[in-house]
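Per TrEMBL, these features apply:
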DOMAIN    41-76  domain 'EF-hand'
BINDING   Asp54, Asp56, Ser58, Phe60, Glu65, Lys99  Ca(2+) 1 binding site
DOMAIN    80-103  domain 'EF-hand'
BINDING   Asp93, Asp95, Asp97  Ca(2+) 2 binding site
Amino acid sequence: RVCVGVCFKEFSKKFSGFSSLIAAESFNYKKFFEMVGLKKKSPEDVKKVFHILDKDQSGFIEEEELKFVLKGFTPEGRDLSDKETKALLAAGDKDGDGKIGAD
């Protein structure tokens with residue numbers, strides 16, 4: 001949870017203009033993950049974030065868990081639309097099984 005807290009704090013400090021991602025149908029997963037600094041985190045820290053997003057602790061992040069990703073990063077967060085969720089899932093689902101694994 002430490003990494004996620006740090007990511008959230010960095011995000012809040014740097015990007016007070018978060019409203020561009022909050023508006024309906026405006027979510028861009030590449031921009032979002034760049035904004036929260038996950039690309040700069042160690043593989044261990046990224047796995048910690050993964051396990052927090054994996055609410056049911058199944059070892060995978062499924063479509064239903066992805067819908068709430070913005071709420072985990074900011075109090076103003078909203079649920080992703082079905083279209084946004086499917087786009088995010090497709091980007092992370094490397095083997096086409098409908099879920100994102102930790103690797």
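Yeah, the Cβs are placed from backbone N, Cα and C, and that goes for glycine too.
Owing to the predicted nature of the structure, the values given are computational and were not obtained by experimental measurement.
Annotated features, which come from TrEMBL, shown on the structure.
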{"residue": "Asp54", "record": "Ca(2+) 1 binding site", "contacts (Cβ under 8 Å, 6+ apart)": "Phe60, Ile61, Glu65, Ala102"}
{"residue": "Asp56", "record": "Ca(2+) 1 binding site", "contacts (Cβ under 8 Å, 6+ apart)": "Glu62, Glu65"}
{"residue": "Ser58", "record": "Ca(2+) 1 binding site", "contacts (Cβ under 8 Å, 6+ apart)": "none"}
{"residue": "Asp93", "record": "Ca(2+) 2 binding site", "contacts (Cβ under 8 Å, 6+ apart)": "Lys99, Ile100"}
{"residue": "Asp95", "record": "Ca(2+) 2 binding site", "contacts (Cβ under 8 Å, 6+ apart)": "Gly101"}
{"residue": "Asp97", "record": "Ca(2+) 2 binding site", "contacts (Cβ under 8 Å, 6+ apart)": "none"}
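Taking the centre of the Cβ atoms of Asp54, Asp56, Ser58, Phe60, Glu65, Lys99 as the Ca(2+) 1 site, the nearby residues of that chain (Cβ within 8 Å, site residues left out) are Lys55, Gln57, Gly59, Ile61, Glu62, Ile100.
Here the domain 'EF-hand' (80-103) is broken down by DSSP into helix, strand and coil counts: 11 helix, 3 strand, 10 coil.
Note: the Ca(2+) 2 site is recorded as Asp93, Asp95, Asp97; in the same chain, Lys94, Gly96, Gly98, Lys99, Ile100, Gly101 also have Cβ atoms within 8 Å of that site's Cβ centroid.
Glu65 (Ca(2+) 1 binding site) counts 19 other C-beta atoms within 10 Å of its own C-beta, drawing on all protein chains shown. The Cβ neighbour count for Lys99 (Ca(2+) 1 binding site), using a 10 Å radius and every protein chain shown, is 18.
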